[in-house]
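Following: one structure in structure tokens, then a few remarks.
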Amino acid sequence: MSECDACGKQENMPYQCGHCGGTYCSEHRLPEAHDCAGLQNWDDPGGVFDSGFDDSVSSGDTSSGGVGDRLGINTGTGGPLAYFRGNVTYLFLAIMGIVFILEHVVILALGSDAFQALFVLHPSHPEYVWTWVTSVFSHAPFGFYHIFGNGIIIYFFGRLVEQQIGSKKFAAFFLASGVLAGLGQIAIQAVQGTSAGVLGASGAALAIMAFLTVLKPDLKVYLYFLIPVPIWAITGFYFLLSIMGSLNPMGSGLLAGNIAHLAHLIGLVIGLWYGQRVKGRSRIPGQIQFGGGRGPGGPGGPGRRRP
């Protein structure tokens, strides 16, 4: 039995929206009934209703194919890229995975200095503007805990946020929170006189979690499928931890100095702020489990500070 993403009703025969990938009951199965993120493309004259016929007639061309057609890339509903259409959450996760592999390639082929210059945001080199973005998708290359921890938050919570605000706004929200969190972290490090770099998507991930906390603070998160914890408690824990870590940069354990606590705090504040802006216009399910998910067309530190 599945749960409707709009109202939380248990449904024996759920409907899956072909535009946003959500699962809905009969009452909310239509896109306009669940504020489908795909509706934003319906008014685009160059979007879903454009066959290219008028362009070919007026220009005299024999083909209306676009860049994807010329390159032989199938971007249609059944193509390999269809999984990511209207599903920016999983696109960003895929980019994180690709970048993680590229980090190892660069380290092996070009060395650590090249890795630092390409993927790590440094207080000594804020003019390396590409690292403002690449550092958001980069993670500590030696070990999987960093990328896994951020990835699992984005995987389970990202789609909920994307369905509420749409893919374009979600992409802007994710990137803005990640970039601002990183820049804020290196700004305070510049004041403190430390030169360690910053990398990781934790600023964006915690912004997503804080956003959901504002919209539905009683959302139950089932840790390990067993332990029900309200999302406000998880967000509150990270908020307090980030404040204490920011005030005690030489701490150890959970307050360790190789964690970008200020970046975490900035991400949380951005998420809380943006959540307040859209509060009252959302429909969030009542619970979510860490351990399952679906998408359209498929299954669901100084040394380097790690946001």
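Here the Cβ of each residue, glycine as well, is placed from N, Cα and C on the backbone.
Sequence annotations record features per position, and here TrEMBL assigns domain 'AN1-type' to 4-41. According to TrEMBL, the feature transmembrane segment maps to 90-110, 130-158, 170-188, 194-215, 222-241, 253-274. What TrEMBL lists as region 'Disordered' is 285-307. For 289-307, the entry in TrEMBL reads compositional bias 'Gly residues'.
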| message | Need a quick answer: max count of Cβ pairs under 8 Å to the transmembrane segment (130-158), which of 90-110, 194-215, 222-241 is it? | response | 194-215
| message | Within the same chain, where does the transmembrane segment (90-110) have neighbours whose Cβ lies under 8 angstroms from its own Cβ atoms, ignoring anything closer than 6 residues to its ends? I mean 6 or more beyond. | response | 83-84, 118-119, 134, 137-139, 141, 147, 150-151, 154-155, 158-159, 171, 174, 201, 295
| Residues of the parent chain within Cβ reach of the transmembrane segment (194-215), under 8 Å, 6 or more residues beyond its termini | 92, 96, 116, 119-124, 135-140, 146, 149-151, 153-154, 157-158, 160-161, 164, 173-175, 177-178, 180-182, 185-186, 231-232, 234-235, 238-239, 258, 260, 263-264, 266-272, 274-276, 278-279, 282, 284, 301-307
| remark: Looking only at the domain 'AN1-type' (4-41), mean pLDDT returns 75
